[in-house]
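Read through the structure below, which is laid out as structure tokens, and then see the notes.
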Amino acid sequence: YFQFVQQWPPATCIRSRKPCSKHLPLPIFTIHGLWPSNYSNPTMPSNCIGPLFNESKLCPKLRSKLKISWPDVESGNDTQFWEGEWNKHGRCSKEMLNQMQYFERSHAMWNSHNITNILENAQIVPNATRKWKYLDILTPIKAATKRTPLLRCKPDPAQSNSQLLHEVVF
């Protein structure tokens, strides 16, 4: 199976403990990755064999889409981020998806499972003063996608008893 992971850039930037790109963090959920996994060992596969990232295989139209859905929120170097994700995870999917299909499928999943839109429709817009319960976030996502995602949270460094929504995993 594949884990499709979207991240909330402000939480990613706090988590990374280093300054993020000047243009970020974005106020939308972005793709973190599409990771082949298995039930007996859900950690990411290692030593995948397959072709290394080839930038020329990303057509300009797809690149412009990925700059919106899958930007590098930490350094701003999108191509380097895509290369890292393909080389670490995408190559493990070579039996099912080639490089172009891997990125096209990820972008299509981001469109069909658009966490930003789903939460906005439920009047859940992240901000520094409002808190939500786990189910407040999970319920509209589950209703819209017919899937139960895993919500990954990180401690909020500004408030010791608070968590920040970091990733949504399908």
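Cβ coordinates come from backbone N, Cα and C, glycine included.
Unlike curated entries, TrEMBL annotations are predicted automatically.
Using a 10 Å Cβ-Cβ cutoff, His32 (active site) registers 24 neighbours. According to TrEMBL, the feature active site maps to His32 (among others).
Annotated active site per TrEMBL: Glu85 (among others), in sequence order. Here Glu85 (active site) comes close to Gly33, Leu34: these same-chain residues lie at least six apart in sequence, with C-beta atoms under 8 angstroms from its C-beta.
According to TrEMBL, the feature active site maps to His89 (among others).
Cα of His89 (active site) to Cα of His32 (active site): a distance of 11 Å. Over all protein chains present, the Cβ of His89 (active site) has 21 other Cβ atoms lying within 10 Å.
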